[in-house]
Amino acid sequence: MEARRRLVSGTTFRCVARALHVPIMFVSVRPLSCLPSGTLVQPAIAKQQQHAPYLTYKKNFWQGRANMCTASRTTLDLSEMKKFQSLANRWWNEQGEFAALHSMNDLRVPFIRDNLLNRNGHLKPGSPLSGYKILDVGCGGGLLSEPLGRLGGLVTGIDPLEDSIRTAELHKSFDPVLNNQIHYRSCLLEDITEEAAETFDAVVASEVVEHVNDLDTFINSCYKVLKPGASLFITTINKTNLSFSLAIVVAESLLKIVPSGTHDWDKFVNPVDLERILETNGFYVESINGMCYNPLTGTWSWIESTAVNYAVHAVKQKAQPESEFTETTTEEHRDQTRTSTRTSV
Amino acid sequence: MITFDKENLEDEMGYVVENDVVLAALTKQLDEVSDQVKVQYRSRAVRYTWPLPYQTAESNPWVQVELASGQQLQTKLLIGADGPNSMVRKAAGMQTVQWNYEQSAVVAVLHLSEPTENNVAWQRFLPTGPIALLPLSDSASSLVWSTTHQHAKDLLALDDESFVDAINSAFWSNENHSELIDTAGAMFRSALSLLMPSGTSPRQLPPSISRIGPKSKAIFPLGLGHASEYIRHRVALIGDAAHRVHPLAGQGVNLGFGDVACLTRHLSQAAFDGRDLGATRHLLEYETERQRHNLPMMAAIDILKRLYSTKMAPFVLLRTLGLQATSAVPPLKVSCGCV
């Protein structure tokens, strides 16, 4: 079912997809239902699952046959890239297409800053995030990378779209301080998981997970690049009827707050599923908060309900000693984790 | 006559601080943060280059300032604090609502005839304009006399003794009062004392002056000015560059201090949120907050000035009775005093 939704047709796409797949072919695709939540998952290199369709896909890939479903191996969705291509040089127009993202900084920057400081302390006056290595995945034009850099963080911004990276580079180049704090690179997260294994104090994936193809792989890659005990920040859109009517119908067609076609409702993730994926991949969820955009004032605010937009702060679990879990113990642990992570500000 | 004093209000009414003292304190503070703040004395800006509203690969997105010495500076945020004839404001093309009052103010330092507990500020509204005595120490007060251009020039030309005589008679003489108004005023006062027997504080008399401080006389023209915009992208105006008022209420520099406090607060918050300091959003919040505070104050001062400039009987009666009523009604007095 899922694979059919991700059909990518055309020879050009297949060639590009194959070229990008090389580092990812070792990651296996696990059906989530087999794993109890709360288990620490080792990113397995060759754990074969007895799940027939995926084996067929792997076989076809190795035979070099263009296979439409190989696109599911990467988190990159080329159709998503195309949506942002034409807008690449309009990132920094604060009243333009990305106005809502600019004003979302009022929520996301304090969210990241305060959660990092709460966990780790050491506030240096004038430069609260100094010493933190932060990865901004899907940075686009650098809208979120720049404030984090100004706060003292050493930011690496990555985005698959070269034009966006070029825009971001140009925008930061005039400020000599920012120029040294932020580095941009046009690549995928999966491309840097090996060279950047366990290097970052924080990974920020803001308004990204609703555009990726394979969320599990994405979260897994985030896990790989984070230091143990480090934080992952995600902001995304819930998959509800309300989010369809507000985030797609109203925002795109009626009020034109967001360029038409930006979001695909099928790709929205609800917080429960996201939490499950996070826990499966070795994170525990510290907090989930709902966000709300007021189109009249152009400002965002925190709300109780996660029905449309929400933000998640997850922490990579530190390594635990190996132990045997019995079935009952695991279920108890899962219940406990569920109740304790239901926090909201 | 209306008295604002401590019994009706919680703390001191205010403080009178000489400009030199303020400058000395500021210089001391600046020395303490000399690694973060660099002051270039004896410099003057001659040209400003504003950034384009959109960014291109060639243009500089920051404000560029050229000094008289030829040095070029560039900045994320330019704060214009260059007084009522602000070059920043003119160069940025910000519209200003302004008019002259056809008055000049004469300022001087005066020495009192005898040292007293000098903690009262006096202001008397003459037909030509208000004269004010602000206490500096037990034996000295500061003079601010707003009057017509011609009279101000004459005062400046007087020798010290005649100047002192002019000041004393300005405070004490009653030659401009009309009998009608005086009678009406006296009747109203007795009516009020019947209604509100709480009474007023013991009546003090303004001090008399003996001599002026040497070389302390100065003159400057008065007017009202208000910039319709305090901010642009990467530019902010504070103090007299943004607004200019009549000294009759002693509020000019206070409005400026308020601007500084407000702008500092907004910039600190913006910096803590990682925002570009020259971004319009928080600058607009500063502008809105200050305009909401400054405009009513400026309007009130202008109205008072016009009210006390006229000799027409109805207005004189209105202001005499109005002043007494305000003096007698405590809540009204407190709200006037707190503003």
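Backbone N, Cα and C atoms are what each Cβ position is placed from, and that goes for glycine too.
All annotation found in TrEMBL is predicted automatically rather than curated by experts.
According to TrEMBL, the protein has these features:
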type: DOMAIN; residues: B:70-180; note: domain 'FAD-binding'
type: DOMAIN; residues: B:216-293; note: domain 'FAD-binding'
- prompt: Using DSSP, how many residues of the domain 'FAD-binding' (B:70-180) fall into helix, strand and coil, respectively?
  reply: 30 helix, 45 strand, 36 coil
Query: What mean pLDDT does the predicted model reach across the domain 'FAD-binding' (B:216-293)?
result: 93
Query: What does DSSP give as the helix, strand and coil breakdown of the domain 'FAD-binding' (B:216-293)?
result: 41 helix, 17 strand, 20 coil
